[in-house]
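Q: One structure, pasted below without further comment.
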Amino acid sequence: MAVEEGLSIEAAEETAHQISHDPWYQVGFVLTTGINSAYVLGYSGSIMVSLGWVAGAVGLVLAAAISLYANCLLARLHEVGGKRHIRYRDLAGHIYGRKIYALTWALQYINLFMINTGYIILAGQALKAVYVLYSNDGDLKLPYCIIIAGTVCALFAFGIPHLSALRVWLGFSTLFSFIYIITAVVLSARDGIKSPPRDYNIPGSKGTKIFTTIGACANLVFAYNTGMLPEIQATVKPPVIKNMEKALWFQFTIGGLPLYAVTFMGYWAYGSSTSSYLLNNVTGPVWVKTAANIAAFLQTVIALHIFASPMYEYLDTRYGRGKGGAFSFHNLSFRVFVRGGYLTVNTFVAALLPFLGDFMSLTGALSTFPLTFVLANHMYLMVKKNKMSSLQKAWHWLNVCGFSLLAAAAAIAAVRLIVVDSRTYHLFADL
């Protein structure tokens, strides 16, 4: 324990944010906030519609098991070479050198940028859904809602200096998640009971089905993984590996139950006509749907802050360390200009290409597969190879090669989907 505390003190000097401060259950709620964010309202449409009952259900459970395994591998590498690695890129750089440090950094920030872009699209969809409940004039279009959502996300980012400062907001996030998940499950169940038999056939031509199936596989891994596990693990109190594994088991057991409930119920109720935002399908009292959409909007604001925190940590540490507390004039003004600028770019891309399912697929392909599965297995192999049997080494190489091929196929499928949707609709589309 004394050694871990020494490593934590050394690591704390490398960052402007707090580390080694949070109990394992707070970290577990951070992870659970990620997997039960408003993205879960899209999994019925983006995963189940493309895969069907058998492949979709098996895929979700299998993806959870594989993701838990890969994340535990990564968590066990948090302290390597007598040093605590509080950033993904630092761990990769320690194992491979400077070039892979830069590549990992690029992959991670592409991953987080696209996740945050998706969150802003989601928040915009939630706002538009509220507007449509009360007016059909079409004046408030999706790009305008996305701009409003981006502005609110920026205001929240100004007031929350670092990941550990979320604290009470994680409780609110859980409450908001329960509101929209319970609403979606209950209203979907009611609609499903009243509706005639649904069509569960996978839509599209044979060629289209191949691409949508590959894209759905990328969505499966996207659903469970953050791409920033070392940064989250940096906040946990020692013993950091044991506590992080507790948080991961919480995420993938209890934390995953709401995701399964809303995904399966939504698909059962609406079949192949399920939309990429489930609350657009459900029918029920206007005030209930309003509350659910507002809850989805507010939870998205909190969840985005989690996934933007590695970028904020880098900028704050590199450029924004000023005297005084987190709310001194220097530090607050720095957050306003720098975080505001970052979220402005996010918001612009979200409004330009508001195709949520496609962003999920592309994020899973370009970064979730490489960061969570390919790199985690290979790094573990590099660090532990002298303690492994030939069979264990072969297993990790199989994971590295298999997930590399899946990542390449999923990237091609996701780019094709974005190109097709861009032709079908247009830039700044009002979906």
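One is the number of the first residue shown, and numbering goes on along the chain from there.
Glycine too: its Cβ is placed from the backbone N, Cα and C atoms.
Please treat TrEMBL annotations as automatic predictions, because they have not gone through curation.
Sharing the record's features from TrEMBL:
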DOMAIN    24-415  domain 'Amino acid transporter transmembrane'
TRANSMEM  53-79  transmembrane segment
TRANSMEM  100-121  transmembrane segment
TRANSMEM  141-161  transmembrane segment
TRANSMEM  168-190  transmembrane segment
TRANSMEM  210-227  transmembrane segment
TRANSMEM  248-270  transmembrane segment
TRANSMEM  290-315  transmembrane segment
TRANSMEM  336-356  transmembrane segment
TRANSMEM  362-383  transmembrane segment
TRANSMEM  395-419  transmembrane segment
Q: Assess whether the transmembrane segment (141-161) lies in contact with the transmembrane segment (290-315), where contact requires at least three Cβ pairs under 8 Å among residues 6 or more apart in sequence.
A: yes
Q: Taking residues 6+ outside the transmembrane segment (53-79), which of them lie with a CB under 8 Å of any CB in it?
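A: Result: 4, 7, 47, 85, 91, 200, 213, 216-217, 220-221, 223-225, 229-230, 233, 240-241, 244-245, 248-249, 252, 256, 259-260, 263-264, 267, 372-373, 376-377, 379-380, 383, 399.
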Q: Quick test of the contact rule: Cβ under 8 Å, at least six residues beyond the ends. What residues does that give for the transmembrane segment (290-315)?
A: 15-17, 30, 33-34, 37-38, 41, 87-88, 108-109, 112-113, 115-116, 119-120, 122-123, 126-127, 129-130, 133, 149, 152-153, 156-157, 160, 162-163, 166, 169-170, 172-173, 175-177, 179-180, 183-184, 226, 228, 231, 279, 335, 338-339, 342-343
Q: Taking a Cβ cut-off under 8 Å, which residues six or more beyond the ends of the transmembrane segment (336-356) line up next to it in the same chain?
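A: Counting only partners 6 or more residues beyond its ends, the transmembrane segment (336-356) has Cβ contacts under 8 Å with 42, 46, 113, 116-118, 120-122, 124-125, 142-143, 146-147, 149-151, 153-154, 157-158, 276-277, 308, 311-312, 315, 319-320, 417-418, 421-422, 425, 427-429, 431.
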Q: Below 8 angstroms Cβ to Cβ, which residues of this chain, lying six or more residues outside the transmembrane segment (248-270), approach it?
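A: Non-local partners: 24-25, 28, 31-32, 35-36, 40-41, 43-45, 47-49, 53, 56-57, 60, 64-65, 67-68, 71-72, 75, 177-178, 181, 184-185, 188-189, 191-192, 195, 198, 200, 223-224, 278, 281.
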Q: Can you tell me which parts of the same chain pack against the transmembrane segment (395-419), counting only residues 6+ beyond its ends and a CB-CB cutoff under 8 A?
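A: Contacts of the transmembrane segment (395-419) (Cβ under 8 Å, skipping residues fewer than 6 from its ends): 70, 210-212, 214-215, 217-218, 353, 355, 357-358, 361-362, 364-366, 369-370, 373-374, 377-378, 380-381, 388.
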